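Participant: Take a look at what TrEMBL says about it:
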{"type": "DOMAIN", "residues": "17-352", "note": "domain 'Aldehyde dehydrogenase'"}
{"type": "ACT_SITE", "residues": "Glu129", "note": "active site"}
{"type": "ACT_SITE", "residues": "Cys164", "note": "active site"}
{"type": "TRANSMEM", "residues": "375-394", "note": "transmembrane segment"}
Amino acid sequence: MKPEKVPAAITTFPSSAQIVPEPLGVVLVISAWNYPFLLSIDPVIGAIAAGNAVVLKPSEIAPATSSMFAKLLPEYVDSTCIKVVEGGVEETTALLEQKWDKIFYTGSGTIARIVLAAAAKHLTPVALELGGKCPAIVDSDVDLHVAVKRLAVGKWGCNNGQACIAPDYVITTKSFAPELVNSLKRVLERFYGKDPLESADLSRIVNSKHFQRLTELIAEKKVADKIVYGGQTDEKKLKIAPTILLDVPQDTALMTAEIFGPFLPIVTVEKIEDSIDVVNSKTKPLAAYLFTKNKKLQQAFVANVPAGGMLVNDVALHLTNPYLPFGGVGDSGTGSYHGKFSFDCFSHKKAVLVRGFGGEAAARYPPYTTEKQKILRGLINGSFIALILALLGFPRERR
């Protein structure tokens, strides 16, 4: 919160300049259900650190965590300026009707549009932490066993695919796809056993509604025919096994909408370089992943793929670095947080310039003559000679 001194320009000599962070005011944090504690407390910490009053609306889809916040948070923080509001659509709608100084929302693009429309009525700034179809490109030159382990834990180890940064689909070459599929099968069996529905290490689907949504994605025959591994379901336990699909038609719901579940389609291309065009044919993802030893491919990936963030030769770990901003771009969101970026997210950077009563320049004031215009142009261009002339009072001012 300490003011940051910055250089003063020659045009305002003598002067001092600083940037003063100030709290935005009263902010609303609407969190998600998939990591209900972290995605609530992380932005709340940033908002408090920046000096704001906060209302937290936890997700009603994770009711245990929501009630925990409502019960415990008031015991440890000042409840006059940090509030928890529980509830569903009705309560959230009522909150969005109020005027806030910022709204921080984590969730789906569909609800984000509702949040953004409500915020627009009051010109309220927003941070939208969304998702999208996060791609993972796998080159044939990789250490395959290491790459597949990282890919698997980043997909199924992250809430069984119910994570905004989980790989949504894989791109590899036609010739390398069979080897990649076989390696994935071996690793998944090692991780989750022969019957993954019985594995204690595999997350459940969050509720029946999302279970139904996911099973419908693979029910279509032209999708079901492309399953090369997995596909088992247990509605009573809300469990769906890790599922690999190969070359699913691009016009299916599985390939057009964010999956947010345990299905991993593999898209094949002739050359690995073609994968960049495949990624860019879709909306900008929250995260993009590349597994390769090829430095040229890596450089092309970083330079040409727009994404909220990217990681080379691993999955998801970029969000653990507090010195990197975490956030989306385009359809995957706007604004970023984590570490000091959370403080910045909930602060206004106020520009402050301080001058004394010396350093008067006659050229600043009308009537404007040709001589004055020359000195002013020189000052704008940073001319030291123009500064000296201005400080000496040229052209001479008539009193």
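Indices start at 1 and increase along the chain as displayed.
The backbone N, Cα and C atoms fix where each Cβ goes, and this holds for glycine too.
TrEMBL annotations: computationally assigned, not manually curated.
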Participant: Report, in whole Å, the straight Cα-to-Cα distance of Glu129 (active site) from Cys164 (active site).
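Facilitator: Just about 9 Å between their Cα atoms.
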Participant: Glu129 (active site) has how many other Cβ neighbours within 10 Å of its own Cβ?
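Facilitator: Summing over all protein chains shown, Glu129 (active site) has 26 other Cβ atoms within 10 Å.
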Participant: Starting from the Cβ of Cys164 (active site), draw a 10 Å sphere and report how many other Cβ atoms land inside it.
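Facilitator: Its Cβ has 29 other Cβ atoms within 10 Å.
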